[in-house]
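J.: Got a structure here, written out as structure tokens. Questions coming.
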DNA sequence: CCCAATGATTGGGT
DNA sequence: ACCCAATCATTGGG
């Protein structure tokens, strides 16, 4: 800027003097002018600029400068190249989109909801409370992100237009090609986008932290609601002879309980192992569910209903055998001493006393494989074809009451 | 605060 | 791929 006014000025003065001394003098003047240019007032400068623009030599000089500029611009353009989209930036963008930060405004945050669902089950009313905090924080982040982004965008635009105006203004006094303007704009954009990338990066970090705190904290569990537990227990005790739900059954249960299939699997895994470990503890529960399913079945089949209390198989205390002596009782209880209460839901009418006695016998023989046979004998429908899951622990508790269950393991050679 | 219950994870087996 | 067993970590009641 400072140099340009000086140049025509030089010519202006230079037209007068022809000898070398005069030229030197001119240069001194020019330098002087350059040095003092900052002292000039704005009006002065404008006036001088106007004078320069009106100078008769200006167009010719301008053209020369344009030519020179053209060449340099070409070389510059050769140096600059279209850089591919930054992979880092793309990664960030993708992630923000996936997290629902940069995606659609609201809509329950589809992606975020999906992630949440993956962590702890479907869109039940149950976990909405759990994730409300998460959602609130996420939307907070999103809001900050958007306002910041908008701010940057606006600043970028403002700055760009400002620079362009300046360049346009300058283009009257110095040659500026459109290419050059374009380049300048792209430089500005690049600068601003690098700032935006920082914003995106920190936003990503915030989201990651949030996620790790709320969703990835996998051990931060919530108990299933009562209904879900009941559904699961119902299935478990009504399939006590083979409590291994198929994939389909798991899906069904998961849907009914508003949890994931994996959670169903976990539940059954836990349930099996814990049931097996301490059958006595679960007896009451088993009786209850057995009774319930039995009653349900009875009601459904419109059979003659000698309904006994559905939810309270009374006096079913863990130790007490409550044998329903009389006609067709649907479920039997088993005493905790002998352990097992499988096929609790079976409709094997009066068998249970035999079962009990035989169990006792078995316990004395200490047979392990006999348990299986006994089971098969008394299962009315011959359910447990495999006999698998329950016969291992049962005899152990049977054989030696003093010994904890499960002490006898893979001990077939007995 | 302790402790049992409970959902989730891990490691090992088939 | 599924299961079992042990274990972790949280929950919720006392």
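Placed from the backbone N, Cα and C atoms, the Cβ positions cover glycine too.
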J.: Looking at the candidate ranges A:252-275, A:276-299, A:300-323, report the one that TrEMBL labels region 'Disordered'.
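T.: Checked against TrEMBL: region 'Disordered' maps to A:300-323.
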J.: Kindly state the mean pLDDT of the DNA-binding region (A:217-279) in the predicted structure.
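T.: 90, rounded to a whole number.
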J.: Going by DSSP assignments with H, G and I as helix and E and B as strand, what are the residue counts for the DNA-binding region (A:217-279)?
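T.: Residue counts for the DNA-binding region (A:217-279) by secondary structure: 42 helix, 0 strand, 21 coil.
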